[in-house]
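Once you've had a glance at the structure underneath, I'll fire off some questions.
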Amino acid sequence: MAFRQALQLAACGLAGGSAAVLFSAVAVGKPRAGGDAEPRPAEPPAWAGGARPGPGVWDPNWDRREPLSLINVRKRNVESGEEELASKLDHYKAKATRHIFLIRHSQYHVDGSLEKDRTLTPLGREQAELTGLRLASLGLKFNKIVHSSMTRAIETTDIISRHLPGVCKVSTDLLREGAPIEPDPPVSHWKPEAVQYYEDGARIEAAFRNYIHRADARQEEDSYEIFICHANVIRYIVCRALQFPPEGWLRLSLNNGSITHLVIRPNGRVALRTLGDTGFMPPDKITRS
């Protein structure tokens, strides 16, 4: 009898957990009445993974590349013991530092009826030239340029890449602009439909997981990688990389053509060197839209 009651309790617990996951998934992008000041609890989307660490607690395995997490300890040979474990840990341990340069596209024509019509303005082309010159002046050996497949990002990339000859370019849909997660606090001037958070959020999170992580264990030298994309994507990535609440992304502001520099150490520690730097541009060339 006691065993049957235990099974019933366990079943209730599982059902409750499923309901909680379902609720959190539905809560993303849920329309609300009221103005900017309306309080609400922040609900992480279901695709964001498990429970977050407590405030101020750093998750060392945030990218799921902590060496110990890559080893199946249950398959460890009992006879070889700690020696074999140490060897495997060394095999999976990162050695290099990754430098991630996140570039926001330059100013573009916002009134284009189609995405392909939203090309860079003359000022936007000047901004891209200035950003390219700034990157070239750093004297770094850039490994690659990954860019969004949207027109304004492609045009920004084409101009910047002229200042970085020989650096390969890769286009991806993952970095396209979108609504990553419902912002907190909410704002009245920007309210996408719930389905947009559902579709864009998972894609932008996939971009973060695909591109933002510690170096592969086989990488011997530090790398310098450029990602040319959009304000929402960059702000979300910065919050996720620093393990700040991702729903706070809209509290940050980025100028067109700005440079954000993230550093990912071999031990998984992340540092933000610069956020939205446009100090290399004359004041009359700086815009945010």
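Just so you know, glycine gets a Cβ as well, placed from its N, Cα and C.
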Say a student had to find the phosphoserine annotation in Swiss-Prot: which of Ser80, Ser188 would be the correct pick?
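The phosphoserine feature in Swiss-Prot corresponds to Ser80.
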Look up Lys75, Lys144, Lys169 in Swiss-Prot and give me whichever carries the note N6-acetyllysine.
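The N6-acetyllysine feature in Swiss-Prot corresponds to Lys144.
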Which residue does Swiss-Prot record as phosphoserine, given the choices Ser69, Ser87, Ser161, Ser258?
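Swiss-Prot records phosphoserine at Ser87.
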Measuring Cα to Cα, how many Å separate Lys191 (N6-acetyllysine) from Lys116 (N6-acetyllysine)?
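Counting only the Cα atoms, the answer is 24 Å.
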For Lys191 (N6-acetyllysine), name the DSSP secondary structure in the helix/strand/coil scheme.
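Where Lys191 (N6-acetyllysine) sits, the three-state DSSP reduction gives coil.
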Considering every residue in the topological domain 'Mitochondrial matrix' (1-6), what is the mean pLDDT value?
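Here the mean pLDDT over the topological domain 'Mitochondrial matrix' (1-6) amounts to 49.
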